[in-house]
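**Student:** Structure incoming, see below.
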Amino acid sequence: MTLLALKEDRPTPKAVYNWRVYTCAAIASFASCMIGYDSAFIGTTLALPSFKKEFDFASYTPGALALLQSNIVSVYQAGAFFGSLFAFATSYFLGRRKSLIAFSVVFIIGAAIMLAADGQGRGIAPIIAGRVLAGIGVGGASNMVPIYISELAPPAVRGRLVGIYELGWQIGGLVGFWINYGVNTTMAPTRSQWLIPFAVQLIPAGLLFLGSFWIPESPRWLFANGKREEAMKVLCWMRNLEPTDRYIVEEVSYIDADLERYAREVGKGFWKPFLSLKQRKVQWRFFLGGMLFLWQNGSGINAINYYSPTVFRSIGITGTNTGFLTTGIFGVVKMVLTIVWLLWLVDLVGRRRMLFIGATGGSLCMWFIGAYIKIAGPGSTKAEDAKLTSGGIAAIFFFYLWTAFYTPSWNGTPWVINSEMFDQNTRSLGQASAAANNWFWNFIISRFTPQMFIKMEYGVYFFFASLMLLSIVFIYFFIPETKSIPLEAMDRLFEIKPVHNANKILMAELNFDRNPEREESSLDEKDRVTQTENAV
């Protein structure tokens, strides 16, 4: 099997895997660039000497400063929580594409407001207010983009295409981690030094805003809203096939059958998906989607993203530039491994197996880091030029090893699964619920991480290690493998027991449904061989 080999749910023309679907996914993923950048730059910006001086951090007690920093960071997640819920309404009434335009505008307004902050009259309030608006923008976008991409994607590359969303997140994060290293080493600690990282937020948001005028609406949303002619045009353009092509005919029939079934079972209308929550199978799917983000945030990733200087200081890394450099390398490792996950792991190795590997390896790394901090107490060293011991170097190695386990597993896979697991009538609501869960747990982590490090010290790492172990049990018993399964067959996938064999069983069913004659012919041939052997 070659690196980019694909497991198709049915014979697929090569024309389907064309530049159009990848380009649309890339443009939509400018949303994740702005999310990744905002998640990464804020922690190191708060550590810039110019920012500390501008807002007089030296006058705060350690507890008061931790509270201020956690508020600056966490209001963004609070806004994102509500933005992800607002996206359900905008998705229903405006569609996926126009929703992206609307949320990019909200983000741009929020980013512009942040630039008005200063250390005198206006104070830090514009940053807090702007981050609330920016959070609403990224919350809505985090809901829309995985849905949009999954509805455009052929099943064999759906994980890869939704993975572009995660790649955008890592590219934005990489820039966010390195930009403060750059301004800290090349600029004097003036107001401009900390304003530049805030201003750069406008770039990915502007690209998303402009690009959203070019990309088409989701064909599945168009079919669901009675715009059949436009839907056919978009689908044929996206697949690079004629309307009469067998692949197009089959895909449209699957979409129609799915819509008809849910029109009978759930009905159409803005409130109908809420009524579907009465069904236990829908409740269960919502629960699973939310829990994936509990386990993702329970890995410790957002404690590191938002408070990387604090995290590295706890290991024993001192000095502003050294901390920024270490954080920047963390961003590089994440991006490289995201590319590996995107090109190979997510659609070939599969979702479940990667989650198992990531949780097991990541937990072991966290146990080691916590044990080192408990024994050596490196965070108590105050000197800027303090040298790392061999144990400290090993702890940093295990930190990057944790990154290597986490990134190609828990970083993007929960988004992929949540983009796949809901049907057409509950997909927007389901993704809104999943995104809201992500931002809720994100808020909890970002709000309390500074206080956790003050109170728990090395125990923070043991806490995250324990949660990663618990996630293994959850995945084994409750999350089926979704790779290569058509969106229209997800209901059947989640009905099959045992969970660990569900994908294999359903793929066999799908192949039989499409090739009953070939299956019967194969059985007849087996009978003839058996009869011949018996005769001999």
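Glycine residues also receive a Cβ, built from the backbone N, Cα and C atoms like all the rest.
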**Student:** Of N184, N297, which does Swiss-Prot mark as N-linked glycosylation site?
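**Tutor:** Record lookup in Swiss-Prot returns N-linked glycosylation site for N184.
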**Student:** Both Q120 and T326 on the same side of the membrane in Swiss-Prot, yes or no?
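**Tutor:** Both on the same face of the membrane, per the record.
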**Student:** Using a Cβ distance cut-off of under 8 Å, indicate which of 27-47, 75-95, 328-349, 353-373, 459-479 has the most pairs with the transmembrane segment (196-216).
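**Tutor:** Ranking 27-47, 75-95, 328-349, 353-373, 459-479 by Cβ pairs under 8 Å to the transmembrane segment (196-216) puts 27-47 first.
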**Student:** Against which stretches of its own chain does the transmembrane segment (436-456) lie, if we need a Cβ under 8 Å and a gap of at least six residues from its ends?
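**Tutor:** Distant contacts of the transmembrane segment (436-456): 62-63, 66-67, 69-71, 73-74, 76-78, 80-81, 83-85, 135, 139, 142, 289-291, 293-294, 296-298, 300, 302-303, 306-307, 310, 314, 414, 463.
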**Student:** Against which stretches of its own chain does the topological domain 'Cytoplasmic' (153-160) lie, if we need a Cβ under 8 Å and a gap of at least six residues from its ends?
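**Tutor:** Distant Cβ neighbours of the topological domain 'Cytoplasmic' (153-160) are 6-9, 12, 16-17, 21, 25, 239, 342-343, 346-347, 351, 416, 419-420, 483-487.
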**Student:** Select the range from 27-47, 99-119, 161-181, 286-306, 459-479 that forms the most Cβ-Cβ pairs under 8 Å with the transmembrane segment (132-152).
**Tutor:** 99-119
**Student:** How about long-range neighbours of the topological domain 'Extracellular' (182-195): same chain, 6 or more residues beyond its ends, C-beta under 8 Å?
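**Tutor:** Answer is 45, 48-51, 53-54, 115, 118, 320-321, 324.
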**Student:** Using DSSP, what is the helix/strand/coil residue split across the topological domain 'Cytoplasmic' (217-285)?
**Tutor:** 51 helix, 0 strand, 18 coil
**Student:** Could you tell me whether the transmembrane segment (353-373) and the transmembrane segment (161-181) are in contact, taking contact to mean 3+ Cβ pairs under 8 Å with a sequence separation of 6 or more?
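**Tutor:** Stretch pair does not touch.
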